[in-house]
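Here's the structure, in structure tokens; my notes come after.
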Amino acid sequence: MDNLPANLLPDESSPEWMNKGDNAWQLTAAMVVGLQSVPGLVILYGGIVKKKWAVNSAFMALYAFAAVLVCWVTWAYQMSFGEKFLPFLGMPNVALDQKFLLKKAFIGSFPNSTMVFFQFVFAAITLILIAGALLGRMNFRAWMLFVPLWLTFSYTISAYSIWCPDGWLSKMGVIDFAGGFVIHLSSGVAGFTAAYWVGPRSSKDREQFPPNNIILMLAGAGLLWMGWTGFNGGAPFSASTDSSLAILNTHVCTATSLLTWLVLDVIFFKKPSVVGAVQGMITGLVCITPAAGVVQGWAAILMGLLAGSIPWFTMMILHKKIRLLNHIDDTLGIFHTHAVAGSLGGILTGLLAEPKLTRIFYLVEDWQHYTGLAYGIKNGATAAGFKQLGIQVLGMVFVICLNVVVTSIICWFIKLVVPLRLSDEEIKVGDDATHGEEAYALWGDGEKFDQSKHNTGHGVDGYIEVVQSDWTNQWVVHEGKGPNEKIAEIGWGRPVSGENSCAMLGLSANASNKDNTMLVLLLPQNHFHNCNIWKIMPNYDWLPANLKPNDASPDWLNKADNAWQLTAATLVGIQSMPGLVILYGSIVKKKWAVNSAFMALYAFASVLVCWVAWGYQFSFGNKKFLPFLGGPGVALGQEFLVQQAFSGMIPNATMVFFQFVFAAITLILIAGALLGRMNFHAWMLFVPLWLTFSYTVGAYSIWYPKGWLFSMGIIDYSGGYVIHLSSGVAGFTAAYWVGPRADADRERFPPNNILLMLAGAGLLWMGWTGFNGGDPYVASIDASLAVLNTHVCAATSLLTWLFLDIAFFEKPSVIGATQGMITGLVCITPAAGVVQGWAAIVMGLLSGSIPWFSMMVLHKQCWILKQVDDTMAVFHTHAVAGSLGGILTGFFADPRLNRFFYMVDNWEHYIGLAYGLKSRKALAGLKQMGIQLLGILFVVCLNLVVTSLICLLIRLVVPLRLTDAQLEIGDDAIHGEEAYALWGDGQKYEDSKHNSVFGLDHQELLPKTQTV
């Protein structure tokens, strides 16, 4: 171990059994599968149904995602993959304890926390797929009961039986690479069965059920297709050749299936159907899933041809001729696209599975144990091939019988508690009767939306240093007086202290290469007492080629950490672009859609230019300028960008990009408080000024090792203070100075497009995987824990807010659920990697209730809150939730997890009050709580003062607020553009200066009889 380069050495947060590359890929794959559901299937369901069911359909998917996660970590994961309880079921138990989550998973080279999160997104998408069969008539309260019951009594049994090594079908040798049986066949049969029990849609809806938004449907379908990269690519549990093959096969089969379905539509119906193409895409993805990494490329094409034709035949021909299929109202044809295609894929796997590839996946020596019939016949092992095909058929029969029986019992039980089906009146009205919200407010002034309770408006120079490490030492000392004198002894070993020296005594200069010593010395770079110090260049010839350092990958660079950090930065970037851009553009009144989205877009671009020019060095510069600010300087030079960052085994270039996306999202969050009235020119000045004089001070003080609050020991894991509390206070303060919106807008400010809002919210949620998962700067067990805690807290908070809405307002609100999601994400941010799973649940309960109370109750009673027009309620969702998270961090922070993150030996330096009391170190716990409170006070005061001064300064140059005339018109008056051109031939858009790429004057576009 001593001979490994520094970038490969294990430590407490990256044990010997963990492969950072595999962990980084597994977290990425899990996040991508999460995007398939949120926002993928959320907006696909919302866009593919009739307009009056758009909100209900999307919300069924969003609820399922959150509910499954809470159940998953509480009992379902252990039932699916835990200790054996029955031949088809694991022992029920929680998956929240630190000791469990930090251990190695049952397979792969990553921790349980990663495995729990990865398997959760598979369980969640299964329930969401079932919802596709029930859209347009199921009682939402019945759905709220169905999700945890079906997960507990059906999904866990299938997963354990087929995927867990102790499962009875797994032992028999069934091949289900990534869920053809467990997910797709299960959801198809369960959805079809549940549709029988729930009953059909209204006759009018069955006759006419057109997609309300095909473009949004395609956006969801695109996320579903690309997300399958993680779906099948993550199944080998390693970033291996098998993973690469599975990804390629997945996309080949999908494309072939889509084209096959398209050709059949053209041949038989004379028109190429977009909805048909999406269905063909889905059947291809489903069919290849059980076989993705165990079949050859030609087999993937064959499977695509069959996946695009057989389900097409069952849906377009048989469905109309078989009475049972025609009688049961399966809204989105889940039976055909998932049950039929999943069964087809399972059977074709038994025929086409390649024994060499199955050996790679299952790591077995006996090639006959997993061999498709085609290869069995070819290799003279026909019996083995028939056996495998028989096992596949047995697995298919088991899953079908299980889901018909269990789903029927669950539906019968629920019917005893609440009606399965909505009333005829609710079915007639749709979303407005069910949720008090409608998907679109594009006509008039959005009056229909007024019933909603959540109507928005509330040391050593150079690179030379002496290092003493428990693992290795890479430094050599020459005790002579001249740089050219002979060196006596050099080599690997532990430093030995001596008077006026730091000589490293180890192997002799004549040692052979087997001693891992290379006689290459650099010129002296520094003097240490009377010693000349050189860096020794170790001989890494003994390492495999893929691990050897070179100029592009120095020995301090860990490629897995760098890959994960770049992935995390990209995810956080996607939260802003396009996440918050489209969320802001859709959650506001239609006339403010362009302006709101543009404020976010401008902030993202402006921050990046300022960041590399001066902002990064102010926030994280090595040269201390003040106790709360780094020295000015640019972050663009090659010499700086390719050096190792101040933390982690990544280059400065990665760190600059990673920290930029955090700075950018902070400004975009502030914009949320100012939508609907701020002068865009004033916003253009506000962004660079606030970044320079507020954000940099907060970041340096709290995050940089030389910052005064960091030195005191404040815990802000990923920005609860620096980002969320700052943006909440600054946004509220700026809203005071800018002034309120127009009276008409404050009274009525309906979202113009709830489906697009959910798309942005989904990107925000899934992007938080990188937001909190990237902050350890390594693909470590701490990163895995942070990711899992983030999603657990967010789901718990969403459900808490939802239940409060139902209890007090009697209708489940989509906007309310989105706000609950955000408060959960914000609250867990300062604590994500330093608290245990049960603490994340508690934080979710509090973040879903306390900000709810402050927004829905206190806001209406407190004069100052009512006086300041905080458009998106950023004060409640970010300032209140961020402060709450900081305080709870001071209470729940686990000292062992803090050691993983901060790498300190003194466990009392970072300890929550709860653990201080438990270990009789109450003083240390109280001290930590005091530091957390001091941090809140500092951030609040900083942003009150600096934001006020900036607004007063800008006011001297340009007005902060738009004119009354501009406020009345909105986007068209400010930008000469409007968000939608959906009426007639889009005449309203002709006034835009950017209407034509040819630069035609708008007069030329009007008929000659018209005048302007």
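Backbone N, Cα and C define each Cβ position, glycine as well.
Per TrEMBL, the feature domain 'Ammonium transporter AmtB-like' maps to 24-440, 563-980. Feature annotation from TrEMBL assigns transmembrane segment to 142-163, 175-198, 248-267, 298-318, 597-616, 656-675, 682-701, 721-739, 751-771, 783-804, 838-859, 933-958 (among others).
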Sequence-remote partners of the transmembrane segment (656-675) [C-beta within less than 8 Å, at least six residues beyond its ends] = 565-566, 568-569, 572-573, 575-576, 580, 584, 588, 592, 595-596, 599-600, 603-604, 606-608, 611-612, 615-616, 619-620, 635, 641, 683, 687, 690-691, 695, 699, 719, 722-724, 726-728, 730-732, 734-735, 738, 771, 774, 870-872, 874-875, 878
Any contact between the transmembrane segment (175-198) and the transmembrane segment (142-163), i.e. 3 or more CB pairs below 8 Å with pairs at least 6 residues apart?
-> yes
If you average pLDDT over the domain 'Ammonium transporter AmtB-like' (563-980), what do you get?
-> 93
Non-local residues, at least 6 beyond the ends, that sit with Cβ under 8 Å of the transmembrane segment (751-771) | 27, 30-31, 34-35, 38-40, 42-43, 46-47, 54-55, 58, 62, 213, 216, 219-220, 437-442, 446, 449, 456, 567-572, 574-575, 578-590, 593, 662, 718-719, 787, 790-791, 794, 814-815, 818, 821-822, 825, 829, 979-980
Same-chain residues at least 6 beyond the ends of the transmembrane segment (721-739) with CB under 8 Å of its CB atoms are 662, 665-667, 669-674, 677-678, 682, 686, 690, 694-695, 698-699, 702-703, 714, 826, 829-830, 867-871, 874-883, 885-886, 935-936, 939-940, 942-944, 946-948, 951-952, 955, 960-961
Tertiary contacts of the transmembrane segment (838-859), defined by C-beta under 8 angstroms and 6+ residue spacing from its ends, are 70, 73-74, 94, 96-97, 453, 458, 788-790, 792-801, 804, 808, 819-820, 823-824, 826-828, 831, 865-866, 873, 876-877, 880-881, 884-885, 888, 892, 894
What parts of the chain pack near the transmembrane segment (298-318), using Cβ distances under 8 Å and only residues at least 6 beyond its ends?
-> 248-250, 252-261, 264, 268, 279-280, 283-284, 286-288, 291, 325, 333, 336-337, 340-341, 344-345, 348, 352, 354
